[in-house]
Amino acid sequence: MIEVVNLQKSYQKLQAVKGISFSVQPGEVYGLLGPNGAGKTTTLRMLATLLKPTGGSAKVAGFDVLRQPLEVRRNLGIVNGGMKVYDKLTGYEVLDFFGSFYDLWGPKLKERIAWAAELLHIEPSVLSKQVRQMSTGMQQKIVIARAILHQPQVLLLDEATAGLDVFARRALLDFVKQYAGLGKTLVYSTHVMSEAEEVCDRVGFIDHGLLVFEGSLQEALELGSGNLERAFIRRLEQAA
Amino acid sequence: MNEILIIARKELLSVVRERRVLFTTLVLPILIMPLLMFGPILLFGNAARQTQESVQKVGVVGVPTVVLEELRKARVEPIEVANPQEAVQNREVQAALVFENGRYIIYGRLSSGATQSALVVEKVQAALRAYKDQVVAEQLRARGIGTDILEPFSVETQDASREQERAAGLFAFLIPFFLVSFIQAGGMPVAVDATAGEKEKGTLEALLAAPVPLIQVLLGKGLAVFVMSLLSTFAAVAGLLLGGGVFRNLFAAQLQAVQNGENQAQLGGALALDPLGYLAILVTAVLFALLIIAIMISLGLYARSFKEAQSYLSPLSLVMLIPLLFLQFSDFLKLQDWYFALPLVNVMLALSAIVKGAATATQLLITWASTLAYGALALYLAYRNFQREDVVFRN
């Protein structure tokens, strides 16, 4: 469902992503793990067609990110930690706005909003509030609801738990597992190893724009004697 | 097309929820325009009338008794002063009159525009003129000559300008200025919010991840800015026309007094256009709005934050002053058709010409075609900006 081959991104003198390859299958949660500035966000933005790769190729849901950006976006949802939605609109208006880009109207839209709200534990009454009147955790849930409203085949989550309290974080991690259970393809990017350990089936360690390890969660744990964080540090030190 | 409308609707909904923006772009123009137009005139008119009617102190040195009597008749109170210039400077008196060696010297505070002192100086001048006429008449009579020799012929000046131009009065200058200013000022808050605001608040990325071509996102935002620009401009024009009417009724007596007074003030004007004239104003304003909106969106996109966007967009208001200066002195220039191809200047000149009923078809066509071309270029640059990753993710 996601195929990345030698993907690269350069900004003048800086090479942010130096040629990474990985693939993610339906029903799988792939953890893209790395320190700040490793190239995780750039990689996910390329997959979401927000940035254009300067080398290599990537396919999302069978569509090429360079040649078929609109088709990619129709089959993809993306959430990152810094992403926000329009604070002067109500939760319902936000979902109505984004839903309309995916031909979701009337009863179908209502049905999808109810589905997303149930999955993310959003009280229906909250949706009539303006986003600025909601808690940070609830705002993040609206951001996620916006990303899954069209039930995309591929969901990219980039530091999606940043700034969330323990309850909102728990709800998000539960949601990730549930969504993968629907046969969807997820990339979960984080630098919090405990989260990755809980939700990911396979992981890739990225550092300085290079994928320095890729394997199943089990393989990664074995590398760190049962501890993902230790495996991560050990592998990055070996690569340095 | 549908996506453009959806995005425009969202932008406008955000504006509607922001009462401060609604007030400044829609309500304030309606309230402020009549005040701007008639407030100073009324204020100055009243002050001038009061100065005419009340008695002011005037310092005198060596002034003959007969002239002192004339001054009193002109409703000023002569007071002997030692140093007339100093007395005026220190505001002990509003003006001073000195008579020496057969010459009258009047002192007043004249360097700061319309001062009360200047009005009192006029009263003193009028009193001296009346006295002079009286002395001349007496001397002529003593020689057996009639006073009609002083006026061998009469002079009459008539306004030969077009009916629309006469009716427009100050509007010929104000309408272009206000239209251009309000199109820019009315659209600016939305342009900033829809571009740099989205970047700063972190909402742009979610929008760009939706399956909508960039050009449609741009046009949707542009449409919202366009709507707010035009609404704000209509509010300003409505304030000018309707508010002006209300003001005229409420302060009819005061305005009449100002008009009849010695210091006549031009009281705004009225648009006396045929439907084609109004249509021409609308077309010109719409085309100008397209140009200025594309510029504002392009600059707004480039900015990282609200503050940065405002610092880019505020100088636009100053840029508007350049064609305004051109318009002010346009009567001294022989207008060439190519002036109507100059950006901004063309719109001001065309609007002024339409209001005066003096616009030619060639001038209008050049204005519209050139403004459309500039607008298309600005839109293209805005689109190019939107395509640039270093601009969109510049935060």
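Placement of Cβ uses the backbone N, Cα and C atoms for every residue, glycine included.
Automated prediction, rather than curation, is the source of TrEMBL annotations.
Residues or ranges marked as domain 'ABC-2 type transporter transmembrane' in TrEMBL: B:19-380.
Per TrEMBL, the feature transmembrane segment maps to B:21-44 (among others).
Under the heading transmembrane segment, TrEMBL lists B:167-185 (among others).
Here the transmembrane segment (B:223-247) has Cβ contacts under 8 Å with residues 4-5, 7-12, 15, 25-27, 29-34, 37-38, 171, 174-175, 178-179, 182-187, 189-191, 194, 255, 268, 270-271, 285-286, 289-290, 292-293, 296-297 of the same chain, all six or more residues outside its ends. Under the heading transmembrane segment, TrEMBL lists B:223-247 (among others).
Distant neighbours of the transmembrane segment (B:276-303): 164, 175, 179-180, 183-184, 187-188, 191-192, 194-196, 199, 218, 221-222, 225-226, 229-230, 233, 309, 311-313, 316, 343, 347, 350-351, 354-355, 357, 359, 364, 367-368, 371-372, 374-375, 378-379, 381-382, 385-386, 391-392, 394; these residues of the same chain sit at least 6 beyond its ends, with a Cβ under 8 Å from one of its Cβ atoms. The transmembrane segment feature in TrEMBL is assigned to B:276-303 (among others).
The feature transmembrane segment is assigned by TrEMBL to B:309-327 (among others). Sequence-distant contacts of the transmembrane segment (B:309-327), counting only residues of its own chain at least 6 positions beyond either end whose CB sits under 8 Å from a CB of the stretch, comprise 173, 176-177, 180-181, 184-185, 188, 191-192, 195-197, 292, 295-296, 299-300, 302-303, 342, 344-345, 347-349, 352.
For B:339-359 (among others), the entry in TrEMBL reads transmembrane segment.
Annotated transmembrane segment per TrEMBL: B:365-383 (among others), in sequence order.
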Practice item. Mind checking which residues of the chain, 6+ beyond the ends of the transmembrane segment (B:339-359), have their Cβ under 8 Å from one of its Cβ atoms? Key: 161-165, 168, 171-173, 175-177, 179-180, 271-273, 277, 280-281, 284-285, 287-288, 291, 319-320, 322-324, 326-327, 330, 333, 366-367, 370-371, 374
